[in-house]
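Written below as structure tokens is the structure these notes are about.
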Amino acid sequence: SCASRCKGHCRARRCGYYVSVLYRGRCYCKCLRC
């Protein structure tokens, strides 16, 4: 899912927090506290 892919991506970058939004079939991911 979008959230799980985003979570994995931000975890790999060692970020402490993430926000994921599924909009019109596209996954948008923002990593925070990196």
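Using the three backbone atoms N, Cα and C, a Cβ is placed for every residue, glycine included.
Note that the structure is predicted; figures quoted are calculated from it, not measured.
As annotated by Swiss-Prot, disulfide bond applies to CYS2-CYS27 (among others), with the evidence given as experimental evidence. In sequence order, CYS2, ARG5, CYS6, SER20, VAL21 are the residues of the chain that are 6 or more apart from CYS27 (disulfide bond) and have a CB within less than 8 Å of its CB.
Residues annotated as disulfide bond in Swiss-Prot: CYS6-CYS29 (among others). The number of other CB atoms found within 10 A of the CB of CYS29 (disulfide bond), across every protein chain shown, is 16.
CYS10 (disulfide bond) falls within a helical segment according to DSSP. Taking a C-beta cut-off of under 8 angstroms and a sequence separation of 6 or more, CYS10 (disulfide bond) has the following same-chain neighbours: TYR17, TYR18, CYS29, CYS31, LEU32, CYS34. The disulfide bond annotation in Swiss-Prot covers CYS10-CYS31 (among others) and is backed by experimental evidence.
The feature disulfide bond is assigned by Swiss-Prot to CYS15-CYS34 (among others), with experimental evidence given as support. Following the DSSP three-state reduction, the secondary structure of CYS34 (disulfide bond) is coil.
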CYS2 (disulfide bond): tally of other CB atoms within 10 A of its CB: 15
